[in-house]
Each structure stands twice: as structure tokens, then as C-alpha cells.
Amino acid sequence: MSLDISQFPVLAQANTPNELRQLPQALLPQVADELREFLLKSVGMSSGHFASGLGTVELTVALHYVYNTPFDRLIWDVGHQAYPHKILTGRRDKMHTIRQKNGLHPFPWREESEYDTFSVGHSGTSISAALAMAVAAEKEQAGRKVVAVIGDGAMTGGMVFEAMNHAGDLHNDMLVVLNDNEMSISENVGALNNHLAQLMSGRFYTTLREGGKKVLKGMPVIKEMAKRTEEHLKGMVVPGTLFEELGFNYIGPIDGHDVDALVETMRNMRNLKGPQVLHIMTKKGRGYEPAEKDPIGWHAVPKFDPTQFKKPSTTPGLPTFSQVFGKWLCDIAEQDDKVLGITPAMREGSGMVEFSQRFPKQYFDAAIAEQHAVTLGAGFACEGYKPVVAIYSTFLQRGYDQLIHDVALQRLPVLFAIDRGGIVGADGPTHQGAFDLSFMRCIPNMVIMAPSDENECRQMLYTGYCYNAGPSAVRYPRGSATGATQVEAMTALPIGKGVIKRVGKRIALLNFGTTLASALTAADNLDATVVDMRFVKPLDAELVTEMAQTHDILVTVEENAIMGGAGSGVLELLQKLKMPKPVLQIGLPDEFIKHGSPEEVTHDLQLDAEGILAQINAYLAQ
């Protein structure tokens with residue numbers, strides 16, 4: 001159910017950016033207030049990303065007010081902060097459907113709206129895309145402006161600086177808005193700084209600056225003195241030296257919650273030549289006290305009542321696989337101070353909060369820099385340490401070359417704890433862990449494990465810790481564990497060996513990972529054999545051979561892309577052994593998996609017990 005827009009009288013007049021631009025500037029503060037209230041109530045009704053959007057309300061209003069979107073290109077980095085953008089671009093009546101099956105996409109998405117000029121979900125991509133659009137705009141001579149909005153967290157990624165270095169060299173007209181919500185230099189935010197930012201972005205100052213360069217071109221000593229004078233003036237209020245060195249003109253920082261200051265500064269900057277950076281200071285969770293105090297805890301929320309000023313209480317349930325990993329990491333660190341935990345800015349999501357607090361000297365947050373995180377682990381392994389890189393499946397894609405070149409090629413014993421393997425649900429195609437088994441399986445020297453439950457996960461992590469002949473990976477899903485009895489004692493599993501879980505006839509299900517329970521349920525209806533394969537690489541060739549010799553049909557089950565996945569490994573083995581055998585591969589299809597709840601997505605892809613049974617029966621009927 002959508003909100004009653006009559007409760008928001010000014011926002012009701014701005015369903016599109018064009019309507020927003022018809023309003024007098026004096027009404028923009030009220031637009032921002034109503035937009036924030038709408039967002040608060042909307043996310044409370046539907047669930048979704050929360051704190052980031054509250055922090056970008058004034059910025060979003062100012063951008064769409066000053067720039068002629070969608071003709072002017074606006075690119076959001078990652079997209080957590082883009083809910084206000086969706087509300088102002090004709091989608092407010094559908095906001096209650098966001099992240100839900102057949103509802104609005106969780107991030108800016110080109111197929112959804114012409115205002116979403118670039119589909120996003122991973123951090124650090126916006127400036128590269130914006131640069132390309134700026135170059136295209138110059139080629140077309142259409143007068144189009146280009147703006148990228150990026151957070152301070154994403155600025156830690158190497159791709160960002162690669163793009164800025166290139167943009168500084170090409171010198172096309174573009175604006176990068178640095179949304180800094182860490183408040184690291186908050187003492188510089190205020191009336192004086194806003195005034196100086198507007199002054200430095202104004203036509204008089206920039207004309208004087210460019211004219212001065214021409215006049216002083218042949219007078220290097222005076223030119224250097226003038227440059228230092230300007231740097232001294234700017235240095236009083238801006239930390240922009242790095243951006244200037246990359247070839248950007250830097251303005252700021254200014255208060256990102258002062259919509260009038262944002263509008264005036266952006267108007268001044270809109271027609272500046274060359275690449276520009278506008279540094280704004282914002283606060284995540286702005287306008288909602290609990291989110292301001294705990295922006296990480298309120299990053300994404302379930303449905304809640306905003307008037308209660310707290311998230312709904314949840315009854316303690318089964319531990320998540322992330323928590324199982326976190327406990328194992330603490331347990332092993334108690335025994336071995338050579339164990340090092342590495343995460344690319346996913347401490348909370350990966351279950352490493354307790355580890356970071358109890359073992360701070362063994363904990364390394366590499367920031368949003370997956371390539372660096374992987375090679376950091378490689379370097380530690382070279383020095384005799386036991387690095388454990390905790391990383392989401394979808395983000396390991398970003399460190400693939402490092403996994404091959406820096407880890408596997410050197411046979412370094414780095415353990416990868418791969419979270420969010422398989423279907424993740426509401427975050428959609430940018431975050432589904434669909435490809436890791438496929439892209440790791442082809443790498444020489446890798447050992448890849450897929451636990452069927454939390455106890456097996458714990459033992460596999462220990463197996464990877466004990467394995468010193470090369471890199472290893474334990475791949476587990478998002479969400480709650482299965483309820484298996486936890487065995488505190490840690491025992492290394494024999495490498496490349498599976499176990500038979502059910503003995504049946506004719507059909508053998510070779511299961512990889514936490515789909516085991518569904519495979520067993522389906523097998524009960526078929527009187528089929530079920531094998532918990534455990535290892536994707538190396539495969540248990542002896543067990544696969546036995547199943548092929550004693551059964552008419554093999555069925556592989558995995559929550560990974562069928563193409564190149566564990567099932568493909570079984571087929572390759574059978575072909576190598578010259579054992580022709582019908583094999584049905586059950587897994588993720590050759591398409592990007594859309595958003596929805598994990599249960600909905602699993603059902604639609606026929607990966608639950610009912611779906612597995614249906615796929616097998618359909619195969620038998622052919």
C-alpha cells in the first residue's frame with residue numbers, strides 16, 4: 001500500500017524533476033523535509049536501505065533542481081543512497097514495492113527508468129561511467145552535463161583513482177560530488193566555508209584564476225607564488241590537494257544538508273570547464289535519531305514503525321552462517337596468533353565484529369578494495385602467517401586476477417571464507433552469489449569446499465586452516481544455518497572426499513552445499529541415493545565413479561550457475577573416464593537472477609525440494 005501523498009503537499013507537486021524545477025527555490029527546504037518524512041514512512045512500510053538515503057535528501061533535491069535530468073546525466077555510485085532519487089523521478093507510488101519480487105529494483109537500474117543512466121550495485125564504478133558520458137557529450141556537442149555522486153567509503157577503491165587520473169588527463173567537463181558522511185573534517189562545515197565554496201565556484205574567481213594562468217605563463221616565479229597563495233587560501237578550508245593533483249578543481253567541503261547552499265554552489269559549478277569535485281558533508285540517518293546514532297545498524301532495515309524509534313525485536317533463532325564463521329575465527333585465533341582476519345569493509349556483514357574487538361592486532365579492514373584485500377592475504381602467507389580473507393561471493397569477482405596471479409599461482413595458503421554464496425534475495429542480480437564455483441573451479445591449485453550445514457562449515461574452515469599446499473575456499477550462503485548439532489571439536493576433513501547420506505536405487509543425487517536438505521526430501525519421493533559431495537575441487541572421483549556404475553541417472557544439485565559449476569566438473573570427470581551416463585544438472589540458469597525474497601527466488605528457480613523433484617520427474621519423462 002502506497003502512502004497518502006496528500007500528507008505531503010509540496011512534495012505532491014514534484015513527482016518528476018521537471019515539476020520540481022517549476023517550484024520556487026524558497027520551497028526547496030520544505031520539499032526536502034517532506035521527502036525525508038516520505039522516505040522514513042515508506043521504508044518503514046516496505047523494508048530496505050535506510051540510513052544512506054536519509055543522508056542524501058537535500059543533495060538529491062539540489063541535483064534535480066539545478067541539472068536538467070534526464071538530459072543531463074546523473075550517476076549514483078552503489079545506489080544505497082538513491083531512494084530519494086527514485087521518489088523524485090516518478091516512482092514514489094511504487095516505493096512500497098522496492099526490493100520485493102516484481103517491485104522496484106533496490107538500486108538505480110537502466111531498465112527501470114530513463115533517470116537511472118547507469119545500473120549500479122557495486123562501489124567505485126560511477127566516475128568511470130561518468131567520464132565516458134562526458135566524453136560522449138563533448139563529441140555530440142549537445143550541451144549535456146554529467147554528474148557522478150560517490151561516497152567517501154567508495155573513494156577507497158582503486159578503480160575510483162584510475163578513473164579520476166584518466167579524467168584529469170582528458171579534462172572533459174564533469175562534476176564529481178563527494179558525499180562525505182564520516183564527518184572527519186566537520187569543523188570545516190559552516191557558514192564561512194559555504195560562503196568560500198560559493199565564492200571559489202563563482203565566475204569571477206574562476207575567470208580570474210584561468211586568466212591569471214595565462215598572464216603568469218612566462219613568469220614562473222610569480223606564478224608559483226600565486227599558486228601558493230591560492231593554496232594557502234583554499235588550504236584553510238579544504239583538504240583537496242589530492243584531487244587537484246589528479247587534475248580536478250576542488251570545491252568544499254560544504255554542508256550537504258543546506259539545500260540552498262548546494263543549489264547556489266552547483267549553479268556556479270554547472271558551467272565550469274574541466275573536471276570538478278564538490279565535497280559535501282552529510283550525516284547518514286539524518287533526521288531520524290536512532291539511525292544517526294547507529295548508521296551501520298540502520299543501513300538496511302526490516303519493516304518497522306518509525307514512531308517507536310527502534311527496529312522490531314526478533315526472537316533468537318538459529319545462528320547465521322556468518323556468525324558460525326565469526327565464532328570459528330575467534331576460536332582458532334585463541335589457539336594461533338598467526339591467524340589474521342582480512343575483510344574489504346564488510347566487518348559486520350561477514351560476522352567479524354567480535355574478532356575485530358578481541359583480536360585487534362590480527363584484524364585488517366582493507367576498505368572497499370577487494371584486489372588489495374586478496375593480495376594482502378597473499379603477502380601475509382609469504383611471511384608465514386595464516387590469512388583468512390572473509391569476502392562476499394559477488395565481491396570476490398573484483399579480486400579475480402589477484403586470486404589467480406598473486407595467490408594460486410604461488411600456491412599460497414590463503415583461506416577464503418566466501419559468504420553470500422548462491423541466492424541472496426532482495427539485493428538482486430548485482431549481489432547474487434551465482435558464479436564463484438564456476439570461476440574458482442578453473443583455477444589450478446585451488447581447493448573448494450561447499451558445506452551442507454553449519455557444523456560441516458566449521459570443520460571445513462578448519463580444514464582450510466590446516467591446508468598448506470595452496471589456497472582453499474569455503475563457500476556458504478546468506479542467512480540462518482540449518483540447525484545441525486554443533487560439534488565444538490575441530491577436525492580436518494580428508495581432502496576431496498564426500499559422504500553418502502541416503503542409499504537408494506536408480507538415481508543418485510550428487511549435492512554440493514546447503515541444498516542438501518531439499519535434495520534429501522526430493523530423494524524420499526524417488527527412493528534415490530543422495531551424496532553430500534563436500535568438495536567441488538578436487539572432486540571425489542572414486543565416489544562419482546561408484547555412483548555412475550551403480551545408478552542409471554546422476555543428478556547434480558548446486559546453488560551456483562550450471563555453466564561451469566560443480567555439475568560441469570562431474571561431467572568432465574565422466575568424460576575423462578569414458579563413462580557415458582545421463583546427467584541432469586540442477587542449479588542457477590544462464591541469466592542474471594532478479595530480486596525477491598530468497599524463498600521466492602529459490603521456488604521460482606525450482607531449487608527447493610518441490611522444484612528439484614519436478615525437474616527430475618520432467619527429465620525422466622523425456
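Placement of Cβ uses the backbone N, Cα and C atoms for every residue, glycine included.
According to its DSSP assignment, Asn181 (thiamine diphosphate binding site) is coil. Asn181 (thiamine diphosphate binding site): 22 other CB atoms within 10 A of its CB, across all protein chains. Swiss-Prot lists His80, Gly121, His122, Ser123, Gly153, Ala154, Asn181, Tyr288, Glu370 with the feature thiamine diphosphate binding site.
For Asp152, Asn181, the entry in Swiss-Prot reads Mg(2+) binding site.
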Three-class DSSP secondary structure - Glu370 (thiamine diphosphate binding site): helix
Row His122 (thiamine diphosphate binding site), column other C-beta within 10 angstroms, all chains, value 20
If I take the alpha carbons of Glu370 (thiamine diphosphate binding site) and Asp152 (Mg(2+) binding site), what is the distance between them in whole Å? 16
Would you mind reading off the Cα separation of His80 (thiamine diphosphate binding site) from Asp152 (Mg(2+) binding site), to the nearest angstrom? 13
In the structure shown, which of the binding-site residues Asp152, Glu370 has the fewest other Cβ atoms within 10 Å? Asp152
Cβ contacts within 10 Å for Gly153 (thiamine diphosphate binding site), all chains included, total 19
